[in-house]
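Visitor: Please read through the structure below; I'll follow up with questions.
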Amino acid sequence: MFVKAKKSLGQNFLIDREVLEKIVSITDITNKEVLEIGPGSGNLTTYILKKKPKKLYVVEKDDDLAILLKEKFDTEIKIINDDILKVSESTISDQKLSVFGNLPYNISTEILSKWILNIGSNFWFDSLVLMFQKEVADRIISEFNNSNYGRLSILSSWKLNVKKILDIKPQSFSPRPKIDSSLLLFTPKENFFKLKDPKNLEKITRIFFSQRRKMLKKPFNQVFDNGKEVAEKFGIDLNLRPQNLEPDVYFKLVKEYEDLRG
């Protein structure tokens with residue numbers, strides 16, 4: 001059975017053997033439960049199975065590809081024919097999962113944000129090996145005082161350690177995308193800033209970075225009734241811009257926001 005990549009679903013199948021081998025060598029998945037997101041035609045799936053995982057779950061939205069995967073791998077994998085945005089990852093297994101994902105670029109940031117904001121006190125995964133459009137990956141790993149630094153950088157660094165593994169050229173895919181891709185490794189942090197509601201982190205960073213070229217005075221006054229006092233409490237110069245505040249400062253501001261609201 002042959003299935004053509006669907007542009008509407010952002011499908012680009014990874015075909016580069018060297019890259020495929022590199023991906024499955026990043027973490028030790030032997031005898032572990034693994035989740036693959038967007039397996040497509042099963043190229044990476046084949047390499048994952050060579051590493052002898054205890055169990056391999058795959059989430060594939062495309063009905064045609066789900067049939068292809070069933071024909072190709074039969075009982076070697078557990079196929080979840082659904083949209084990853086609708087899947088509750090914590091219900092897939094009671095074991096921590098090693099996750100691999102060639103995420104559709106049109107929903108990659110939405111997926112990552114969803115996972116980060118829904119992480120409770122216990123992580124449902126022990127590693128995430130995810131592919132992004134290079135431009136998005138650069139935003140995720142960016143440090144403060146950089147023009148790429150923003151909401152994604154802060155959200156990602158809250159509970160996760162993030163590392164770029166490699167950049168991948170368009171010729172490694174079929175069909176070829178028009179842009180470069182990057183592979184990132186995410187692992188859970190042992191210690192992270194405790195917040196009452198993660199959505200407040202999303203809300204406040206959205207307010208600050210929707211005006212990233214403005215000085216901090218305006219977003220401070222939008223978020224806090226006493227913006228100047230809060231800035232003074234944390235020793236923040238309101239003449240700076242949102243990209244000049246490191247992630248820990250934003251976490252403290254969110255906690256202050258939650259404390260003031262009771």
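Just so you know, glycine gets a Cβ as well, placed from its N, Cα and C.
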Visitor: Let me know which member of Gly38, Gly150, Gly227 Swiss-Prot also records as binding S-adenosyl-L-methionine at the site of Asn12, Leu14, Glu60, Asp83, Asn102.
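Guide: As annotated by Swiss-Prot, Asn12, Leu14, Glu60, Asp83, Asn102 share the S-adenosyl-L-methionine site with Gly38, chosen from Gly38, Gly150, Gly227.
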Visitor: If you skip the near sequence neighbours and keep only those at least six away, which residues in the chain come within under 8 angstroms of Asp83 (S-adenosyl-L-methionine binding site), Cβ to Cβ?
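Guide: Residues satisfying the criterion: Lys61.
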Visitor: Provide the three-state secondary structure of Asp83 (S-adenosyl-L-methionine binding site) computed with DSSP.
Guide: coil
Visitor: I'd like the Cβ neighbour count for Leu14 (S-adenosyl-L-methionine binding site), meaning other Cβ atoms within 10 Å of its Cβ, all protein chains included.
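Guide: Taking all protein chains shown, Leu14 (S-adenosyl-L-methionine binding site) has 21 Cβ neighbours within 10 Å.
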